[in-house]
Structures are given as structure tokens and as C-alpha cells.
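According to TrEMBL, the features are:
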TRANSMEM  B:12-32  transmembrane segment
DOMAIN    B:64-246  domain 'ABC transmembrane type-1'
TRANSMEM  B:71-92  transmembrane segment
TRANSMEM  B:99-122  transmembrane segment
TRANSMEM  B:128-144  transmembrane segment
TRANSMEM  B:183-206  transmembrane segment
TRANSMEM  B:226-249  transmembrane segment
Amino acid sequence: MIMESAAGGRAPAVEVGGVSRVFTGRKGASVTALDDVSLTVAPGEFVSLIGPSGCGKSTLLRLIADLDTPTAGSIRVFGKPARQARIDQDYGIAFQQAGLLPWRTVAGNIELPLELHGAGKAARRARAAELIELVGLSDFAENYPDQLSGGMQQRVAIARSLAESPSLLLMDEPFGALDEMTRERMQNELVRICGETSAAVVFVTHSIPEAVFLSDRVVVMSPRPGRIRDVLGVGLGDTAERGENLREDEAFFHAVSQVRELLHGQAPTGARGVETR
Amino acid sequence: MNRGQQGGAGLVRTALPPVVFGVAALLLWQWAVVALDIKAFILPGPFLIGEEFAANLQNVIAGMVVTGRNALIGLLVGALLGILAAIVAALVPVSDEMGAPIVASISVVPIVALAPVLYTMFGAGAETARQIVAGLAVFVPVYFNTLKGLRQVRPVHRDLMRSYAASSWQATKTVTLPTATPYVFTGLRIASSLAVISALIAEYFGGPVGGLGKSITSSASSSNYGLAWAYVLGSILLGLLFYSAALALEKLVSRRTAG
Ligand SMILES: Nc1ncnc2c1ncn2[C@@H]1O[C@H](COP(=O)(O)OP(=O)(O)O)[C@@H](O)[C@H]1O
Ligand SMILES: [Mg+2]
């Protein structure tokens, strides 16, 4: 059904065409972080990027967010150049580090993008309250980040990324620092949020079960140089009907072992550092 | 209740040794002056200084007001300019490259050495020269500390601001300035005592009478050594006042920014 909406004339959420990114070191040594990567993400689609450390997942996400520019190739977001999409605020982003402003309260942090883009005070308050409720931090609205656990800070960062109801969410290992229980709860929450907002998501992770649980498609990457090795359609059902019991599902385990094989199978050296939980 | 008592006991325990030490040192000083028959022009005893201080309290306070006013004006103007210059240097790298040698040379020049020149520029009847000397002395540490603070912005915050397509001014206001604030206050704390010292020493080079520096020199040259030392005591108190105020402000701000 996702493909239908893409075929319905709307531009893809993300269109990465033949993108390479070469970092040049100080002594002329260069690292090819991405080599000829192409990827299309449909509106409302959830795509995970998985692969060992250093395979260019963060680099790809930063390129889509126009926090960095490709050495070659083109990136379009909702049919616009990435730069224009950033200026138009077409995406929300959550980094691996929560990156909250320590001198602002939880509510103040979530209001930040709204404030920068000129939303009125009352509207900001209301929206922040709504999002705080959504991520289950109602008792902590007036707390400062250093009074919160890592998991709670990360939830604030996610709420902040949702503040302007973006139709594209970019997330770089947002649950990387969380313990397993919090992590699964956050995953359930993210599935619910995506069902409600129908945003497209590009989600970086190195946990296979996480990628399978969340995604419509899992993009498996390999390092040195960073390339897309394979793309696996998971399609474990509509986000709305996906629930906790999915983790026990036969199809879930099948998809997990498929991704694992893709990661380890073809070139074992490329799969170092991957969590096989 | 219990905690309060413990806090009180803790305060006594931390405050008591320096107080005891201070009193002992003063008594030893007084004893040495009397026992060794040290002349007042070399070193008067603390009792004499205390007497003179009490007897001339109004004059000393008047001197503190004059010097303190110069120091405060210098502190405010110098700090404001230092912060502004640091912001410009951080925003426009070229201005940093051009400004760095100038600021470096200001920090090397003994600023009070400018006092005589400034007196001829602004007239010997005005306090302006002293305020400028204090301002220049303040400018340097405030500028360097602020500039350092402005460079502490975390990369993730910079990325965040870029992702919001925030203007350069918005990013400065929301992220850069709050990050730099604790550093600014560290600079202000250092500058606070420099302001008093510079304003006072500038008085030695000319200008109107009334301030602490002039009063110290005139009482010393009229052989009124106890009074000269009473003014020195006033200078110490003024310096302490400035420093404590800056320190209190720094603590207040750092507590608030730390959440
Ligand atoms: N700013 C940079 N400068 C130089 N090299 C970089 C930079 N960012 C990433 N790299 C290199 O690019 C490669 C991919 O990095 P990254 O995208 O962070 O990988 P991942 O997120 O998959 O772990 C790594 O080899 C990394 O060292
Ligand atoms: Mg990464």
C-alpha cells in the first residue's frame, strides 16, 4: 500500500541517486565513506539502515539532512534539493546523542524548533504539552535535562524531532544508549507514533531485531567503501496493527535471520561489530 | 533541624581556622611593632591602622566611592566591549585574525602606563583617564574568556541549529551565548579585581584628588602613615567587594545553567 501512495504522483520522501562522499584527511589520505549509493524512500515508509560501524550510515543520514554535502550524486527530499528541504523544514531529526540544551527545561527544549520558526507562545506551550504526554514525561516538563536519565533525555529529543509534525523523520541510533527494556518500549512507541503521523522514517541502527521490528524495508550496508549490499522488504503488516506480539511471530524470526545472513553471509569481514541480539 | 545544626557546625569548622589564624597574625604583628620598636613610617601596628581607619571612616569611604565608581564604570564598559568584540570575532573569522594581534598587544602593554598620556588627552581634572585604564584592563580577560566560551559549542548543537535552518543570530542567541555564559563570568571575576587595581594605580599618575590612590600618596607624603595604611585597608575592602560580587554572580549563573 506504501508503493501505491508513491505511485499516486507524490514525490518520494527521499531520493538518493549515485551518492558518494569522500572525506579527505589532512595528509592527503582519503576515506570513501559512501560509494555510489542509491536509495528511494516512499512517503510514509519506514526504512532502516543497518550495518557495521563505519559503513557510512550516519554519513548518509547527514547528507539527507543537508548537514553535509555529497562529493558526487544527488539527493532530493520531497522532490526538492536537500538544502531546500532543510530550509523548508521538511524533516525532523534525532541524533545518537540527545543533544538537549542543558539550560532549558524539558518543555523549553521541545519548544525550541517552534520558537525558532516563530510559533506563538500559547501554541508552543500546547504543542509541547501534547508531545510530553506522547513520550510519557508529563511529570518532568519543568525538569532540566541533567535531572533525567539517558533514556528520558532521548525521549525528549524524539519529542523535539516531532514538534513540527514533519513528514520525514531522520533518526541516527536514537535508542543506542538505552537499556533493552526501555528500548523495546521506545520501539513500540515509535511504531505507534509513525502510525499516527504517517511520516516517512529513515532510521539508523545496528540492532537487527530493532530494524526488523520497525521497518517496511531494511537496507543492509557494508563498509570500506560504504555501499548498499542489499535491501530486504520486511512488511510485517501495517504500522497500526503491528504490536508487541509481533516479536514472537514466526515471520519476525524469519526476517531477523534473513538480515543476519545478509550481514554476515556474503563477506564475513564486513560484518564485524554488528550486534546479533 | 539536625541538618541545620550540622551545617552551622560545618560553617564554624571551615571559618574558624582562618579567623583564628588572622587574629593570631594581627596580634603577632602588633607585638612585633611594639617589642621591636618599629617606626610607624616603616610599618605601623594594626591597632594604629584600625584607629585611623575608624577615625577617618568617612574620608576612607568617600575615597572608596570615588575609586569604586571609576572601577565600576571601567568594568561595565570594558566588559560590554570585550563581550561584543568576542562575539564579532567569533562570528566573523576575518575580524578575529585582524583583531588578535591588537588584543594581544593590549594584553602585553602595562595598561596603567597609558595613564599619563590619557590625562593629557582628557584633562587632569577629569576621571575619564582612570575609567579608560580600568576599562582596558577589564577588556582583555573578558574578551579572551568570552571568545573561548563561544568556541565551546557542541557539534551536535551546531548540527541541530543547522537542521532548523536557524539564522546566524538565532544560533548565537539560542546556543552559542548560553554555552559561553559561564566562561564570560569567569572572565568577569578575573576582571573585577583588575578594575579596582587599575583605577587605583592610575590615580598615582595624576588627575583629581579624592580617590584612594591619591589619598594614600598624600597621607604618606605628609608623614601620616597610619592614615595611609587605613586607605590601603579601604582599597583591600573595595577589591574584596568587587571580587565577591563577581563571584556571587558567577555562582548564581552557573547554578542556573547547570539546572
Ligand atoms: N567528518 C569526517 N571526517 C573524516 N572522516 C569521516 C567523517 N565522518 C565520517 N568519517 C568516516 O566515514 C566513515 C563512515 O562513518 P559513519 O558514517 O559515521 O559510519 P557509521 O555511522 O555507519 O558508523 C568512517 O570511516 C568514518 O571514519
Ligand atoms: Mg554512526
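A Cβ is built for glycine as well, from the same backbone N, Cα and C atoms used for every other residue.
Remember, it's a predicted structure, so these values are computed and weren't measured experimentally.
Same-chain neighbours of the transmembrane segment (B:128-144): 70-71, 73-75, 77-79, 81-83, 85-86, 89, 103, 106-107, 111-112, 114-115, 118-119, 121-122, 184, 187-188, 190-191, 194-199, 201-203, 206-207, 211, counting only residues six or more beyond its ends whose CB sits under 8 Å from a CB of the stretch. Ranked by the number of CB pairs under 8 Å to the transmembrane segment (B:71-92), the listed stretches B:99-122, B:183-206, B:226-249 are led by B:183-206.
A Cβ distance under 8 Å defines the sequence-distant neighbours of the transmembrane segment (B:226-249), meaning residues of its chain 6+ beyond its ends; these are 40, 44, 48-49, 51-53, 56, 60-61, 63-64, 67-68, 71-72, 75, 185, 188-189, 191-193, 195-197, 200, 212-213, 215-216, 219-220. Proximity of distant same-chain residues to the transmembrane segment (B:183-206), defined by a Cβ-Cβ separation under 8 Å and at least 6 residues beyond the stretch ends, is recorded for 67-68, 70-72, 74-75, 78-79, 82-83, 111-112, 115-116, 119, 124, 129-131, 133-134, 136-138, 141-146, 148-150, 152, 212-214, 217, 235, 238-239, 242-243, 245-247, 249-250, 253-254. Remote same-chain residues near the transmembrane segment (B:99-122) are listed as 85, 88-89, 128-130, 132-133, 136-137, 139-140, 143-144, 198, 201-202, 204-207 (criterion: CB distance under 8 Å, separation of at least six residues from the stretch ends).
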